[in-house]
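Q: Mind looking over this structure? Questions follow.
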Amino acid sequence: MEEKNRVGKKEDRIMGINNGTGQQHPKIFLSGSIRGGRQLLEIYRLMYDSLEEAGADVLSWHVADPGLEENESKMTEQEIYARDIGLLTKSDALIAEVTVPSIGVGYEICRALVRKIPVLCLHRPEAAVSAMVLGNPDPSLEVRTYSDKVALKEIIVEFALAL
């Protein structure tokens, strides 16, 4: 998912503006395991595509990029942190895939909740999801299980359209 394949100017997408119409779209921070394992890359790509189809602007599209590791190898830890936190603070909501445990994903979820940004956590039924997610009573947090790609897409679209 290279930048050249994305529609519209990067600046407009970050501001949530739809290609000259001026219409605002929800800005979503997509969160998924990177260093903890990329075995769900296909799921992250489906999540990205589903959000785009629903009219959302995915600010952290790099999570679904198969070339992410190569691109991030050229960045410092500080640059990665600044990019991700900068995008998170511009987001209307965070959607996290939490099947694969990730300290970074947990950190992003916590930062979003502290900022009162709505969070949707998604996981497969067999996942051993942290009690810090499953037991969290924060009203801004929603945790859902999905059994297949169709269910995943339905949950994501429903959440995005409700923003």
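Cβ coordinates come from backbone N, Cα and C, glycine included.
For reference, Swiss-Prot lists these features for the protein:
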| type | residues | note |
| --- | --- | --- |
| BINDING | PHE29, LEU30, SER31, GLY32, SER33, ILE34, ARG35, TYR44, HIS62, GLU108, SER130, ALA131, MET132 | substrate binding site |
Q: What's the longest C-alpha separation between any two of PHE29, LEU30, SER31, GLY32, SER33, ILE34, ARG35, TYR44, HIS62, GLU108, SER130, ALA131, MET132, the listed substrate-binding residues, in angstrom?
A: 27
Q: Looking only at SER31, SER33, SER130, the binding-site residues on record, which one has the least crowded Cβ, with the fewest other Cβ atoms within 10 Å?
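A: Per-residue Cβ counts within 10 Å for the binding-site residues SER31, SER33, SER130 bottom out at SER130.
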Q: What three-state class does DSSP give SER31 (substrate binding site)?
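A: Once the DSSP labels are grouped into three classes, SER31 (substrate binding site) ends up as strand.
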Q: ARG35, HIS62: which of these binding-site residues has the highest Cβ count within 10 Å of its own Cβ?
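A: Result of the Cβ crowding comparison: HIS62.
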Q: Please classify the secondary structure at SER130 (substrate binding site) using three-state DSSP.
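A: For SER130 (substrate binding site) - judged by DSSP and reduced to three states - the answer is coil.
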Q: Only counting partners 6 or more residues apart, tell me which same-chain residues put their Cβ under 8 Å from the Cβ of MET132 (substrate binding site).
A: GLY106
